[in-house]
Every structure is written in structure tokens, then in C-alpha cells.
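Peer 1: Quick one: the structure is below, and I'll ask about it shortly.
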Ligand code: XMP
């Protein structure tokens, strides 16, 4: 049986699970578990259910904690410790906090055999307001330098995924939110260089989440 806590690319899909109650979270995850490589959770679900949801979801797929950790190194350390003690496979952190904060997150994650993804540029329209092209590239470079596992780059701007891929080379992974509800295309994002697309509302709000996840899977498979 596959290691349910190890992030491995099979379908290229990460489910963003922003429902806020445990029953829906588990029902949707069970329905799509074999179609996704990981489940990304964040404040909506964790504030709604508590961190104990991690161990329940981990039975189906590796869990990525999207807490966009952005604090001084000591606080980052305390947050990451909770994330990995709860059983998460990876955490998403901000890179604008600088090298010391970033390297502390990586150090803490590594102690738990966990991974760190760094936000390089956000997917919503305002996401490029402060994260200019140059700053995003600098954050991507910093992520590589300090041993992050990957970066988060916007599926809503595939051209930026391509540019950021050029900065990090093949050493780091790219996970890309913005497919579906925000208008991004899974195929275009993978073609631009992403390893995984992150898909939330278009799957978890669908009448049949499994059908929606299957559509994305097939769209990605056609690229091979
Ligand atoms: P939807 O419903 O739009 O969900 O498919 C997208 C998910 O991804 C998160 N998100 C981001 N996370 N950097 C991140 O680290 C980003 O640029 C970004 N854009 C969206 C969002 O919170 C949701 O869970």
C-alpha cells in the first residue's frame, strides 16, 4: 500500500479542502482520494474542526497545511512544530518574511521529515500588486537557497509559472492554485511547468466531486 503521508506525483492534483465541517471534509476526501495526490487544508477547515482533522484526513492522502506561515523565526518554529506533530506532510509558508524565518521553517520541517512550500506569488487578481515579478523571482530564488521542497505559483498566470520554473530549475516542485473557480486551466498550468495543480471549489462544491476531479485528472493525462 502507498505511504499515505508521502507526497508523490501520480495524478498531479491537490485537493484544496476549504469546507468547514468534518463530515463534509471526510466525505469529499473519501470520494476523491484515489484521484488526488494530497489534500490541502487551511484556516477554514482547521478553525472549523480543530487540528485533529489532520490525522483523519491522513488516512486517505498526505495533508498539506496552508497556513501561509509568516512570522519571526521562533513563532514560525512553534507553528510548524504543531503542523508536523499533527501529522501533516507539508506546510505552506510565506517567503517575504526573509531568510531567517524561511530557514527556520525548513529546519523545523526537516526535523519531522516534512516539506516546505513557499508562496512566491498569489493567484488572485490582487496577488501581483505587492508581489511584483522581481520580488516573486527573488522569493523563488530564496526558496531554493534555503532548501524548500517547492514553491506556490499562480495557475491564473501560467506565464509566471514558466518564469518561476526557470528560476528554480528542476530542483524544486511547483504547486499551483487557481484552477477552476479562479479561471486557471490545469493543462496550461502543467504545461507551464507546475508539478501539481491545486483545485478547490470546482471540486468540493460540485454536485459530484468525484466526476469533477476525474475531469481534471483526464485533462492532465492527455498531456502525456
Ligand atoms: P479554489 O477554490 O480557488 O481554491 O480552487 C484555491 C485554494 O488555494 C489557496 N490559494 C493559494 N494558496 N498561494 C497559496 O499558498 C496562492 O497564491 C493561493 N491562491 C489560492 C486558497 O486559499 C484555496 O485554498
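Even glycines carry a Cβ here, placed using N, Cα and C.
According to TrEMBL, the protein carries these features:
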{"type": "ACT_SITE", "residues": "66", "note": "active site, for OMPdecase activity"}
{"type": "ACT_SITE", "residues": "68", "note": "active site, proton donor"}
{"type": "ACT_SITE", "residues": "68", "note": "active site, for OMPdecase activity"}
{"type": "ACT_SITE", "residues": "71", "note": "active site, for OMPdecase activity"}
{"type": "BINDING", "residues": "18, 40, 66-75, 123, 177-187, 200-201", "note": "substrate binding site"}
{"type": "DOMAIN", "residues": "12-216", "note": "domain 'Orotidine 5'-phosphate decarboxylase'"}
Peer 1: Roughly how many Å separate the Cα of residue 68 (active site, proton donor) from that of residue 184 (substrate binding site), to the nearest whole number?
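Peer 2: Given the Cα positions, residue 68 (active site, proton donor) is 21 Å from residue 184 (substrate binding site).
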Peer 1: Measure from the CA atom of residue 66 (active site, for OMPdecase activity) to the CA atom of residue 123 (substrate binding site) and give the result in Å, rounded to a whole number.
Peer 2: 14
Peer 1: From the binding-site residues 18, 72, 180, 184, pick the residue whose C-alpha lies nearest to the C-alpha of residue 66 (active site, for OMPdecase activity).
Peer 2: 18
Peer 1: Those binding-site residues, 72, 180, 184, 200: which ones have a Cβ sitting under 6 Å from ligand 1?
Peer 2: 180, 200
Peer 1: Using DSSP, would you call residue 200 (substrate binding site) helix, strand or coil?
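Peer 2: SS state of residue 200 (substrate binding site) = coil.
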Peer 1: Find the shortest Cα-Cα separation between residue 71 (active site, for OMPdecase activity) and the binding-site residues 18, 180, 184, 200, and name the residue that gives it.
Peer 2: 18
Peer 1: DSSP on residue 68 (active site, proton donor), three-state: which is it?
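Peer 2: The three-state answer is strand.
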